[in-house]
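J.: What TrEMBL shows for this protein is this:
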DOMAIN    90-232  domain 'Peptidase S54 rhomboid'
TRANSMEM  52-71  transmembrane segment
TRANSMEM  104-121  transmembrane segment
TRANSMEM  128-146  transmembrane segment
TRANSMEM  152-173  transmembrane segment
TRANSMEM  185-205  transmembrane segment
TRANSMEM  211-231  transmembrane segment
TRANSMEM  243-265  transmembrane segment
Amino acid sequence: MNIHKSIVLQVDYNNKGYFMSTPIGTTTGSSSCSHLEDKKYLMSEKKRTSHFRYVPIAIGGVSIFQILLHINATASFNRHLRFEPTKRLELWRYVTYMFVHDDWSHLVLNVFIQCVFATLLELNQGRLKILTIYILGGLNGVLGAACLHPDLIVGASAGGYALLSANMADLILNFETIPYKIYRTISICILILFDIIYDVTHVAVKQEPLVSWQAHFFGGLTGILLGFVVFNSEEYCKLRRIYFWIGSIFYLMLLLCFIVLLVQIERCPQNDQHRTHSGRKYFIYLC
């Protein structure tokens with residue numbers, strides 16, 4: 001890039017291809033033809049890079065890692081990553097279970113869901129925030145499942161549900177300025193309703209593989225609570241501070257309850273904790 005075009009890029013503060021203001025001492029050229037060329041250059045650069053703005057880099061990177069792990073990892077290696085209720089003290093399992101999937105259909109569905117929900121969130125709120133919500137959503141999802149119905153759990157849908165509900169937090173905080181708000185709201189409501197019907201039907205019929213609705217529920221709850229805490233509001237929101245404190249207090253209460261319950265469960269005598277261990281079939285829950 002030559003010096004002249006570099007100056008033009010600096011002057012074009014609003015990144016729309018035309019000048020809003022010119023810094024003192026900056027020369028942008030006097031020829032209208034030169035201005036036209038610079039404008040065309042800026043517009044072509046913007047058009048070339050605009051497509052990449054919608055690529056969910058953070059969640060996309062996680063998805064690629066999950067695919068590579070599914071291709072290369074052995075069954076014995078996956079057993080060290082999945083969540084097992086009898087190995088609660090192996091703390092890495094509360095996160096690494098998200099990278100293990102039962103089969104290709106399970107993996108593809110989760111990767112598709114998390115990438116779709118992360119696209120607009122990463123664009124509006126930043127990659128680090130979305131990655132944090134994804135990981136903590138998965139963490140709280142498996143904590144809730146471990147407290148309510150401890151069993152083997154694999155899959156990343158708790159993180160996917162965290163991203164789904166985080167879209168709701170984004171809509172609430174930025175409803176006046178966010179694009180396609182009606183379509184996004186309707187889409188999210190339809191997806192939530194469909195999944196509730198599917199989970200209830202699946203659990204009622206006792207089909208296998210079993211679905212860990214606890215992980216889905218607490219992952220989704222974590223997403224909206226953390227969204228209220230970490231998301232920015234593009235326009236001043238009178239209730240912004242209230243949302244922040246609601247999200248912070250309820251998230252910390254939820255996490256504290258999980259920790260207390262898990263400590264209590266761990267302190268239970270082994271024979272009381274698993275009365276039917278010898279005659280019971282253990283399921284792998286997909287989430």
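The backbone N, Cα and C atoms fix where each Cβ goes, and this holds for glycine too.
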J.: Tally Cβ pairs under 8 Å between the transmembrane segment (128-146) and each listed stretch (52-71, 152-173, 211-231, 243-265), then give the stretch with the top tally.
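T.: Out of the listed stretches, 211-231 contacts the transmembrane segment (128-146) most.
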J.: Write out how many residues of the domain 'Peptidase S54 rhomboid' (90-232) are helix, how many strand and how many coil, based on DSSP.
T.: 111 helix, 4 strand, 28 coil
